[in-house]
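Colleague: Sharing the features that TrEMBL gives for it:
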- 31-72: repeat 'WD' (REPEAT)
- 73-114: repeat 'WD' (REPEAT)
- 476-517: repeat 'WD' (REPEAT)
- 560-601: repeat 'WD' (REPEAT)
- 602-643: repeat 'WD' (REPEAT)
- 644-685: repeat 'WD' (REPEAT)
- 1-18: signal peptide (SIGNAL)
Amino acid sequence: MKYILTSLLFIISNLTFSQTQTNSSIEAIIQMGHSKTVSASDISHNGKYIATGSIDRSIIIWDKKTGKEIRILHHHVKSITALHFSKDDQYILSASNDNTVKLSDIETGEVIHTFLHTKYDIANALFNGDGSKVIIFDKRQHFSVWETATGEFVGYFKKDYATFNDPKTVSFNGNLVLSKIDDTKVACIRLKTKDTLFTLPSAKAYTLNFSNNEKHIVIGSSRLFATVFDAETGDSLHSVSIVKTSECDGCKTHVLISDDSKAVFTTSNKGVGKLWNIKTGREIAAFKTPTKSPNTIDFTENNKQIMVSYDKEIRFYSTSSGNELFNLPVKGINNFNIQVRNNQIVLPGKNFSAEVWSIPLKTVVKTYKGYLNQTKSDGLRFSYSSWIDGAILQYISYRTRLALHPNKHELIIGKVDSSAIVLNLSTGKKTKTLTDASKAIFCQTFSKDGKLLAVAGGDRKIRIYDATTYTLKHILVGHQALIFDLQFSNNSNVISSASWDGTLRTWDIKEGTWTSYIEINNGAPYLVRYSPNDLYLLSGDLYKNIDFWEADTQENFRTLIGHTETISGIEFSKDGQYLVSSSWDGKIKLWHTLTGMQVAKFNDKGAPVYSVNFSPDQKSIIAGHGDRNIKFWNLETGKLEKQLSGHVSAVTDIQFTNDGNLMVSRGMNGEVIVWDYKQKKQLYTYIPINQNDWIITTPSGHFDGSKNALHLVNYVSGMEVIALEALFDKYYTPGLAIQVMNGGILNDTGESLNTLIKNRPELAFQYSNSTNRSTTKDAQGMVVSNTQNFSIDVTILGGGEDISELNLYNNGKLVAHRITSQNINFRGAKKVRNLLRLS
């Protein structure tokens, strides 16, 4: 048998060792990945970084070589539609379905500029050739141009309705722009003065392009031809037909000019592509393309290949022969803006990961993922690529809820695989796992007397547990589809449920049968609540309504009208006089319970609201928003008085302990944050990886976790991933939650990398009497032995003169330990011998 020894850490006196000259603080970054499909991507020009955006609204910057997460940006409140690195790779341009475009510093994560295109919904955003301008295309006939450096608005211009991907509509140097006047004319405009230099005749212009050398303009027509103009005079030079024998009035001619400005590639939905000389119009190569319009076209490096992407495939062609080189069948790339960089492309991967494909190798060379991308064990069989499943997936993605025990500091966390876990808030330790369900749990609630717990979800069953022992007592069966929500009556005798099957049901717990049934006409109920006296049952539906139902007759008593999207929260004040509601429409409303009149509304015109509650003192309304913030609204003045940040996803639930000392919130990705409510201070974050593994983090950068989860922690300084296991001892704090909850003070880890890793030692490992040697520069290495007992020499090749402690670990187990008082003696060339036994 072979025995492997891995050296994990060497601690240096005063922790002063480094080989890099950066003053960036070190961060502990959790390798999360995306929780939904990747919808945009780019590769940095220097080849060091990958950027991915997702339907989950996040942007992740990855180290391209290692696949480690470096930075996660949460600047948008709806899905990401486009990403582009700036020429110098210092900034990332992002577009979103929230109708904003943002320019962000990739090292600090700071938003430098926000560009607001107000004409219509945004389809894409791009840099022009030299990066001096930002171009924003909407889904209609407009595009806007902005100064990259200052964020200054330059102007609105016109295009064809269906073009969203033409960065060369603005000249390479950013001085000129092409704007469609009507179906017969296109204007060439000087951006600085807005003067029209000349007008170009065009029959139904579709694509508008300058060559990079700014000598030519190429306009592709919807009538299957393209025309080349002199960019200085506006003179027409020649036209090239794509299909000479075909007449069409709506066949979009896509145009791509090579980066060297020598050739033009044109294609349409007629099954023909053509590469031709921009000066002469002479054909270079003909291509047999599918009879459908492409999404994106691009040249690979050196203009040797052309990539053409469609909804379900990507094709690569030789520019010299026109032959198809290979076809890549892919899913989920509708409207995905694919960009070629260093002969590689980034595509959506399995389980919401991202994959880098090598064009020459025709294969995936790296997958970028985190713990959210592991194969789900939730029992659900929905697909994000299915339009049938799209609606239900949207609704259940925000059913990451909590239940706090009314009599003790215990928390129920559902939607962890197909299980729910019981977490002791004081220790951060899991005390029980409820594994009876076969599919994900979307809702859980305690009875008011604290004696019962109910959970339900994807398998359509309600399970009732003893809330002291957590033993299963009853299973209630009757719903025909998954269950969104549960609520015990205030007297704890009955329970009601809201289901995707469109019904509210009330159940006799002891008998195990439903006793009443209410069918919701508009869609399905998303929430269910009891009025304080149990006389009424309330439902908040997927449409926009809040309904009062008389509990005995199941008749509709009242409908509260005012929201315009899905109802996400309903809570009563302690005295029962008021009701607060929240919605995906971004609004929070306060209602008078007796009259049903709306008495106040709270709206910062920002993100959707996914949870709402009254503060323990009833003076504030506290809401969880899609922008990842928890916001505090003054009940009397209606003003926003405070907001807390810390979540990395939309905040989907907010609960309070009975003593009012702790606030617990949960994000869409599943993370749970425990707050000191009175001080409005984040105590710790609990991240359930699966039903067995977990990580706890604090704002100071310390962490704790299960053995199999600790590899998810990355050390990052600026844009550099630090492969140095010596940092593990500084951050890793077993029993972290207990220490925090007991008021322990943790040392700040925000030290500069210069301070932490100055004079990092260069190490080599060698068996005694062996010539095989493995050398590393980051205090990590590996040696292999055929016996359990052996000696290993650790040699310092450079640096490390002040080593005061030496620890050797094997698979996380300490196998050798020396400190200064034990006389670490590096004999000869700074060498120390250790006799080891591995088991």
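Sequential numbering from 1, following the chain as shown.
Glycine residues also receive a Cβ, built from the backbone N, Cα and C atoms like all the rest.
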Colleague: Taking contact to mean three or more C-beta pairs under 8 angstroms, with sequence separation of 6 or more, is the repeat 'WD' (31-72) in contact with the repeat 'WD' (560-601)?
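Modeller: Contact criterion not met.
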Colleague: Near the repeat 'WD' (644-685), which same-chain residues lie under 8 Å Cβ to Cβ, leaving out any that are not at least 6 residues past its ends?
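Modeller: Distant Cβ neighbours of the repeat 'WD' (644-685) are 32, 35, 56-58, 72, 74, 372, 397-404, 406-407, 409, 411, 413, 415-416, 423, 425, 428, 607-608, 610-613, 615-617, 622-630, 632, 696-699, 736-737, 740-741.
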Colleague: How many helix, strand and coil residues does the repeat 'WD' (644-685) contain under DSSP?
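Modeller: Per-class counts: 0 helix, 23 strand, 19 coil.
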Colleague: DSSP on the repeat 'WD' (602-643): how many residues come out helix, how many strand, how many coil?
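Modeller: Summed by class, the stretch gives 0 helix, 22 strand, 20 coil.
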